[in-house]
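One structure below.
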Amino acid sequence: MYNLKNQVIVITGSSSGIGLAASTIALSSGAKVFGVDIRPPPSTLTSQSNYACLQYDLSSSSTVSDIVAACEGAFGPRIDGLLNIAGVMDLNQSADTLADEIWERCIAVNLTAPVKLMREVLPVMQRQGGGSIVNVASKAALSGAVSGVAYTASKHGLVGATKNVAWRFKHERIRCNVVCPGGVGATSIRDGVDVTQFDAAALETMALIHQAHGCDREKGVELQPQDIAHMLLFLLDERSRGVSGAVIPVDNAWSTI
């Protein structure tokens, strides 16, 4: 399906949602997948000989170098691709209602962890002569009207980091892109989020934007995790070798408003 045979791909958020879909498709394309998730992986992954994983809390303040070390222990000193998919939501809190713990968790998981992982993976890619990094942001990275200030800031920051990495390493055959999904069915990003604690006033101001996208479900065209996963894996494939520094919405045109 994709030209990934024997390539080593690190995927965060690999146990569910977009990460699980990407892991499954990558394995079917012949890749060696190293998954990272706070949750244990499903048996559909652990039964695969080319899959290894590390249960890891990306919100912790510890270094992520042990992720790369564990991957190299499983598959050797090579990393061809990195998919930074893991993410957490906020409570749609505005700057005037924002709780410190919400801000710190969103920034830690959605921005700090991906940047630290890129820092650890880039030297490996430099030594081997190239690689591809794909970060997952959100419609919230393209707008200020779809989520809270913590999630919005973290995803805007990830877009900026992506562009910086793409330009800095463009002559070393290392590509870096960011995909911005819209609403996706059957994902776990809201797991553990108490929706009754959402900032009601903020949600009210965003209602029209969410309604414009919510009708996709009613029309039967709601995006599924595999729809996002296919874009991610295309960006790892050599057929996308001219694409770097791109910000790519996958959202049924939601980003047009």
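Glycine is treated like the rest: Cβ placed from N, Cα and C.
For reference, Swiss-Prot has these:
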- Tyr151: active site, proton acceptor (ACT_SITE)
- Lys155: active site, lowers pKa of active site Tyr (ACT_SITE)
- Ile11, Asp57, Arg119, Tyr151, Lys155, Val184: NADP(+) binding site (BINDING)
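In this structure, Val184 is the one among the binding-site residues Ile11, Val184 with the smallest number of other Cβ atoms inside 10 Å of its Cβ. The DSSP secondary structure for Val184 (NADP(+) binding site) is strand. Whole-number maximum of the Cα to Cα distances across the NADP(+)-binding residues Ile11, Asp57, Arg119, Tyr151, Lys155, Val184: 29 angstrom.
Listed in sequence order, the residues of the same chain lying 6 or more apart from Tyr151 (active site, proton acceptor) and placing their CB within less than 8 Å of its CB are Met89, Asp90, Cys106, Asn110, Ser138, Ala140.
Candidate recorded positions: Arg119, Lys155. Fewest other C-beta atoms within 10 angstroms, Arg119.
Val184 (NADP(+) binding site) sits 16 Å from the residue listed as 'active site, lowers pKa of active site Tyr', taking the Cα positions as reference. Across the structure, Ile11 (NADP(+) binding site) and Lys155 (active site, lowers pKa of active site Tyr) place their CA atoms 18 angstrom apart. Geometry remark: Arg119 (NADP(+) binding site) versus Lys155 (active site, lowers pKa of active site Tyr), CA distance 18 Å.
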